[in-house]
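First the structure, in the form of structure tokens, and then the observations on it.
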């Protein structure tokens, strides 16, 4: 009976030793840095570092864009104030009659007093803006 009990104890010890060997192999594969969870943890750690650097770059870029946007907004406000001032100054001008302006009639000069004309492509026509012509008419009337 003692012999059977000793044999069962030895067989149980061998089974436990084999099971420990299998667990050891599984654990070494589990913590392997190339294939196992250890590798996954190492890859995730590298990705977290990359993401932290990307977030820092995005933050600095957004701060720069915010500064640019702030400057552009201030510039737009200044232009809007100037535009409002121009519109307000147009309201101060007197109303003009509804008749369209007539072209001035010029008497033709004597043939000997005429000066030679330059070709039309070389002479730039004088261009007045609407606002300057309104201002000019207002000063002529007043």
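Along the chain as shown, the residues are counted starting at 1.
Note: Cβ is positioned from N, Cα and C throughout, glycine not excepted.
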Choose the correct range: of 6-24, 25-43, which one does TrEMBL annotate as transmembrane segment? Give that range.
6-24
Stretch-averaged pLDDT - the domain 'DUF6468' (34-92):
89
